[in-house]
């Protein structure tokens, strides 16, 4: 069978187990969780409900797995755990997709016949600065775009989901999406083994009357608390259509939002250019910039000599004149920058004016050190971005520096545009920002590094800009102005505000990219009337910070992200005119948008099963017997705010409402809300604000924890349908099994950095899990042959290591460090089992039954949050009561640190002994194979304490470590301290090498490396493990000596220190070969040649036999027998009925001797010496059970 087929067979077996276990859980209603009347602690964990325009992918699953693992662990902690799950349908994408399908059928028939010569979309250029300045409260791309890959038509996208034409046709109705994807997603999550209480599942929008009522209640409260205002907000707008242009209304530009600029006003000074001289009002060239903090470095302003500009009246009073492109003038007219909204009044005759006619104009540049700068030409300016006027900061803009350098170097270029030297040459870059690694003139430095000689070197300039803007934006430090010494990122907004207040600038907003409506109109950004949540209100910000302060964020980066978002968050439009959702209660022409109806819905989970259990859409009245229309605002306030019952405003019996309130009061607040890091800048922060607003005086309802994680990479690359590097949850389970996938998700990573799901790791996980199951089955079958006691050193160490890892794993789970929990609770836990198995084999003993089954049981429990199906399966195989998901976390004894140290001591000693044996067998002088003897005897030298001179040095190092907060000084300092000690003078040459050795040990072991005596009885531990040592090194004899005994070599005394014993191999003693014969019937064992050394005991011979013959298994009991007739006994015919009738069994006290002429004798227990001959008999079999 091929390897692939074998792997698929294992996956299929795991999937069969998973199916069986899921059926068991279903029958037991294992994850249904209700409020309790006792004092059992609760744990509520939630995950942002996924959007229902497709199946869940592995990225969703990765974030959801954090909730899943936490839920599993908290159950083991004895808590009543609730993990509810809902499905989000609010917003524009579903409606937009449905409308697209409808139009595609209208335009291309059914099934649609799309044109083959599809026009290739021209990729818009995106500058490095544009990327940096994107609104961080938005995702990188719309949910729709993220899922579609390269498909052009919506029908093709639906085809890629495996749907046929007849099924796709149904999706032209937006409601069909609401009933198609949620059941599929729930089925996929059930296959994953998600511990969700599915009774509480629901969909959003006004399709669900219960949730619709809940959201309306929330918004009425927010409005009553004056958290919602009505006013003008920037939005993408179609002047031709006379209304906002949402995604569904666009022919191109889906997902594009408004981009805010600071529009710098550069006043034209006298003498004005001839074309502008007749204008009496103040004239300003207006330049849109994303970096107002760099205005201190202006040396000039740029215009394109061939672009057509417009000169128009600005401000409501029309007392100022602006110069910009006609495109930007049109946009400004919709932002309150002209007298009449949507109307541009041009200066007569100057509707169009070539940039070349304004070049050389003298200007006053806000914040610049130069009192006068000039308008100069730049040939790379475009008229479809910004205002066509570019303010020049050559210190920090590679483009600006390159263009200025061209003008300075090329006199003919200056003359071409009528520029005098005084307009160009005196202006040098001004240091305004210091950037680490780039200095005070970052653009100048980068242009020099990349050897940029001209403004025409576009690729090099783009590379330079990326480097300068990235570092300048985040790490730049201001050198000039009243904010000198502060980071650019911190002062950018403040400087913008200052400029606007002083009348030196204004806000200007335009689409991030070109947007064209379906009517063919190029859209603008307009100030439109909208309802918005006033997140910019200082009092509300303070309340949100109060919610955040005691809350657990699991890592500092998440807390900083939330704090930063609370600080910069401003007004947020909460209404939309298109899509699916709940209508604003007081202005029903608007819908509540998708990030605004999902801030406190975790509270709805606590009662949803009583209100609408049995139907996602609330079409069935739930167990509480309350109709949706009975849930008035007052009813909701009773449940969630504890309002006094009033039958006039609460048209439902109080007893029914009491049941709902009981659930809410038991489960709330959220103990952990887990999400991808992209929601820190929006949803998760909105959650803080809204909890502060709805429960302003009740901190017991504020969320206790928010956990954010990075995005998921697949095989070290971003997930993307367009590249094919994409996997749905359903596909992952099919390929890797549920537990194989879950283990790999846990191993992928935990922090805010992007995690990595590796297929090879998932394949390895399948093999590990499968192998573990097979081993456990084997142990269950062989239970009777395992050892009944647990008294050996290896037993005690194994039990101690289990206790230690169980405790550490518990800490990792509690910290939600699931990768670490998997490491300590599975990989390392399996490793200590492997070591224990090897140690038992090393002493020819079976493993302890009690410890093996404690290991199996505890391994299943501590792994169950991550791999619950396998854990439950084994739990059932073991015949344990109940479900493993409800088992208590394993109780442990205190970890014996001395025993742990003893275990490390023997492990490290064994490694040292093996290394010495390898060195012994590979001498520097070449020796023939015949002459090289494999040692059979060794001496272990043990030091109880360091020699006096070394103890003095250790005392010095210990005092220094205490004085330096646990760290050691450099060697120069230590050498000086040692030099002051008179007793160390004669050891000067040896002192520093010794110090270096101790420092290396200190790095590994910490302060314990500085102890001058051994904290454990090394000799006792070595004696207890002497069989392990001898079997591992194929030795027959090992003795132990202390370095303080007489006759020990001085070099051994000098080099042997506590906890690092030294092994020395002795020359082999003379030996004579003896044949050990097996006379048992039909057992497959044969003659074994055993070398006998004078003084060998019966136990020594048995050990040699086990080592030489691998047919003698560790579980076998071995006995030795001699022939009654030493000369002729081995020549007699063996009786099948009584094979040992010619033999006498030897006891452990018998000792072998070598006599003259290679004769072998034996001293019996009564002191007699008998001839053994050349053959003995051995018997090897499984001991009979007592």
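From the backbone N, Cα and C atoms, a Cβ is placed for every residue, glycine too.
The domain 'Aminoacyl-tRNA synthetase class Ia' annotation in TrEMBL covers 21-101. Taken from TrEMBL, the feature domain 'Methionyl/Leucyl tRNA synthetase' applies to 663-759. The annotation domain 'Methionyl/Valyl/Leucyl/Isoleucyl-tRNA synthetase anticodon-binding' is assigned in TrEMBL to 795-914. For 942-1013, the entry in TrEMBL reads domain 'Leucine--tRNA ligase RagD-binding'. The domain 'Leucine--tRNA ligase ubiquitin-like' annotation in TrEMBL covers 1069-1180.
Among the stretches 663-759, 795-914, 942-1013, the one making the largest number of Cβ pairs under 8 Å with the domain 'Leucine--tRNA ligase ubiquitin-like' (1069-1180) is 795-914. The stretch with the most CB contacts under 8 Å to the domain 'Methionyl/Leucyl tRNA synthetase' (663-759), chosen from 21-101, 795-914, 942-1013, is 21-101. The helix, strand and coil residue counts that DSSP assigns across the domain 'Leucine--tRNA ligase RagD-binding' (942-1013) are 54 helix, 3 strand, 15 coil. Counting residues per DSSP class in helix, strand and coil order gives 17 helix, 41 strand, 54 coil for the domain 'Leucine--tRNA ligase ubiquitin-like' (1069-1180). For the domain 'Methionyl/Valyl/Leucyl/Isoleucyl-tRNA synthetase anticodon-binding' (795-914), the predicted model reports an average pLDDT of 95.
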